[in-house]
Structure formats: structure tokens, C-alpha cells
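Below is one structure, written out as C-alpha cells; comments come after it.
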Amino acid sequence: MSELLETGFQETNMETCSLPDDSEKKIESTHLMPSVINKELMESEDFIRDRDLCTKYFENWCEGQQVMFVEHLLSRMCHYQHGQINTFLKPMLQRDFISALPAKGLDHIAENILAYLDAKSLCAAELVCKEWYRVISEGNLWKKLIERRVRTDSLWKGLSERRAWDQYLFKQRHGESSKDHKFYRGLYPQIIHDIDRIENNWRTGRHQLQRIHCLSETSKGVYCLQYDDNKIISGLRDNTIKIWNRSTLECIQVLTGHTGSVLCLQYDENIIISGSSDSTVRVWDVHSGEMMNTLIHHCEAVLHLRFCDGIMVTCSKDRSIAVWDMQSPTEINLRRVLVGHRAAVNVVDFDEKYIVSASGDRTIKVWNTSTCEFVRTLNGHKRGIACLQYRERLVVSGSSDNTIRLWDIECGACLRVLEGHEELVRCIRFDSKRIVSGAYDGKIKVWDLQAALDPRAPAATLCLRTLVEHSGRVFRLQFDEFQIVSSSHDDTILIWDFLNVAPSEGQRSPSRSYTYVTK
């Protein structure tokens, strides 16, 4: 057998691979390429007889022997022959596993694989062939893509609730008719268009404004607020806490008990906790409005407070910070008093790792949440600090030096200084995209957070928009992906809605391109 194979392939090897001169080799090789080889030679009886004999021996070998033999043949062939073999093998090695899986009764595996695709890739997959389109259609993969975005992105989740298409996602209520593949395939670009329009509204400052006049009978001013989809709870200079209906903007409840201005508050699903210039912290039932507890510790005004996961932190004009353990609304015990600031402590924030405080003494101090031990001081502001927010490694602070500073809490470095406000920066909030600040100049500014964290970004590009509607100092604000809610010394609460804005004539929102097929 080996002699036969040597005889059959020796001539080719000698003619194509053993020429000393490259040009001669090229000429000879060209003569032997299949496209120009003599047909008679390929169909000669000798060649066919030898080929069939080789094939017979080949089929009697085991797989390992067959592979070894083919490797031996390939090692004796020239480069251009390898290229032709590769061209021959390529389609044999390709497998349309998406089409093959359903044929084996494994539709669910094909669906699970394609479910990892993003929108652009899913559009392309629909165009591969009818079988891929069928897998995507019957697997309702556009619906699954939307559901995945809703689970992982707060913007998508909020939009699904506000636009009411969340009712068509996940497990639908009993008796509701389910939507087909084409519905979700058409819904996706509508959602993208909605999101692009919201982002454009933030950048251009286009909004719908709603105004609540608090009509305080004595002293005017709304010092603090918090909101959700159903209500706004505000703390006023007239010593009251007022709760407003989000739909009607009417005052539905007034909580009385403080003997001084309500300077700070926070609520959850069960309680409201408020701090006042009367030096007390009071706990209220969020549903009934009943006062449940009064904490007397600070000897001057309680300027700010935060509570979460059984811990509350309060700070005061008396320069101290108090850390409390909350067993229940009626059982709140003082754990530790933190002392270190040399002026009123205006604001605190914390998580499971750090407590962060800011003071009129121009410093931000960092404390360990578990041990309450001092960690470090952040220095940089030229005047007292009025507000801050802390999340993960980032601290953003506002000061009476009219600037906003971004800090890395782990190393204490100042990452960026934002300038633009003309008076004291009184309130500040940030999320993953933007910073929103309010100041005594009556203005609210929206800043690009990601650009602010990029040291290469020019300072002039960081402020996206300045909003001017308040006629007095801005005391507090909160925002989400769709709106800002702010309060002021002018005794109003303003709702800046960036979602429900009628498009102006000729305006086109920036859009993304997707290709859809009709089947």
C-alpha cells in the first residue's frame, strides 16, 4: 500500500516542490492547478483505479489512522494546495446550530442562545434565514430583551410604569390576552425613541412645569422634601410637615408638633423622621400622621438626618453628629456621638462602609460606619460646606464658596471643581449620568457627571442646562430620570417634568437606526 501511495503522489511532489528555481516552480505549479489540469489525466483509468484502491484501504482504517494518514498527505503538499483544501473544508466545518437545534427538538436552547443578543444583533439575526426568524418570533425574544432591560435599568423600569407597557411584560394577569412577536418588535424602537427624547429634553432644558403654592400662613419657605409616585412630603419654615397628592397637587395632610422650622426629613414605607430648629427629632406614622416618638439629644437645631437598615445619623448646629440604632419607631437608642467639626455640621450621608459629614468649618470628614472611628478629612473648599451626597467612591459637595467639588472618598483627592453658581450652593444630588444643584441664586443647574469625571473634558462643557423659575433661594431638590422636584424660600414646590413634554414643531429627537423585516 505504501509503495502504491508513493508511486501515486511522488510525481506531483517532485514536479511542484523540488524545483530549485522559484520561477520554474511557479510555472509548473500553475500547470497542475485543478482549474487547468488536463481532464483526461483526472479521468484516466489508472488514476481512478489507484484512487479507489486508496479509498478502500482508507475506509478499513480506524479514525486515528485515517487522521494520521491525511496529516501525512497534507505535509507532502504545497502551499497553494493547502489553500484549495481549506476552501473545500470551510463549508463542511460550518454549522448552522440555530437551525439544527430545533430539528433535534431543542428549540429552547436556540432561543436561550439568541436571547443574549442586543437589539442591533437581534435585527441582524432575523435576516439570516426563515428558521432564525421563526426561532426569534416563537421564542418572543424581543419581549425578553425588553424585560431584561426593565429588570436592569431604572430608566426602562420607570418608563414602563409611566407609559403603562409594563402590563404586557413578564407574567400577565389571568384573563389578559397576550401580545404577539410583532407587537414587541414594534414596541422596542418606540421605547428607544422615548428615551432619546427624554435625554434630549434634559440637555435642551425642555420641560413641563407644575407649581405647588404652599400658602404658609406665617413664615414662608420650604426647607426640605422627598417624593414618590403618589406623594410629596415637605418640611416648612412654619413648623409643619405637609403631604401633597402627586396627581392633584393638593395638600392632603398636615403634621404638627414641631415648635421650630422643619429643616430636614426622610421617609420610607412606614415612617417619617424629621429634624427641626427646635433641636428635636420626631418620628411619625407615614399613613396616619400620628407622632410616634420624640428624640431629644442635640442642644441646637437638627440640620440634617439620614436613616437606613436600622441605623440613623443626625447632625446639628451644635457641631456634633449622633449615630442611632433603630430597633423600631418607638425604640431608637443613641449609639455614639461623633465630635471633630469646629462649626455647625450641615449635612450627613452614609452607607455600610462610611459616614460622611460636612460643616461650616470648610471640611468634609469621613468616619467608619461600624466602629464610628474617624478615617480622614477632605480639604479644599474655601468656605463652609452646605450640602453633599455620597455613593460608592464618589462624594459631591456644594459650598458657600459657590463651587461644587467631586471627591474620591478612598484617597481624599478632589477630582473636579465645578463653577457656575453665583451664590451659596445649598442642595445637590447626583445619579449615574448627571449632577443637579440648587443655589441661593435661585438657579438649578444640570451637570454632565461622566464628563466631570473625565479630566480631559473642558470646564465649559460640563454644565448642560441652567433652569430658572424659582424667585427665591433654592433650599432642596430631588430628581430621577424623568423629573426634578425642588423647593424654595419663595414658598413653592416646583416639578420639572422632562417626560411629558409635547414636541415642538419641526423638532426631531435623535434616533438610532434599526432594520426590521416584514414576514
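Each residue's number is its place along the chain shown, starting with 1.
Each residue, glycine too, has its Cβ placed from N, Cα and C.
As given in TrEMBL:
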{"type": "DOMAIN", "residues": "107-145", "note": "domain 'F-box'"}
{"type": "REPEAT", "residues": "215-254", "note": "repeat 'WD'"}
{"type": "REPEAT", "residues": "255-294", "note": "repeat 'WD'"}
{"type": "REPEAT", "residues": "295-334", "note": "repeat 'WD'"}
{"type": "REPEAT", "residues": "338-377", "note": "repeat 'WD'"}
{"type": "REPEAT", "residues": "378-417", "note": "repeat 'WD'"}
{"type": "REPEAT", "residues": "418-450", "note": "repeat 'WD'"}
{"type": "REPEAT", "residues": "467-497", "note": "repeat 'WD'"}
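Between the repeat 'WD' (467-497) and the stretches 215-254, 255-294, 295-334, 378-417, Cβ pairs under 8 Å are most numerous for 215-254. Across the repeat 'WD' (295-334), DSSP helix (H, G, I), strand (E, B) and coil residues number 0 helix, 28 strand, 12 coil. In the repeat 'WD' (215-254), helix, strand and coil residues by DSSP number 0 helix, 21 strand, 19 coil. In the predicted model, residues of the repeat 'WD' (215-254) average a pLDDT of 95. Mapped onto DSSP helix, strand and coil, the repeat 'WD' (467-497) counts 0 helix, 20 strand, 11 coil.
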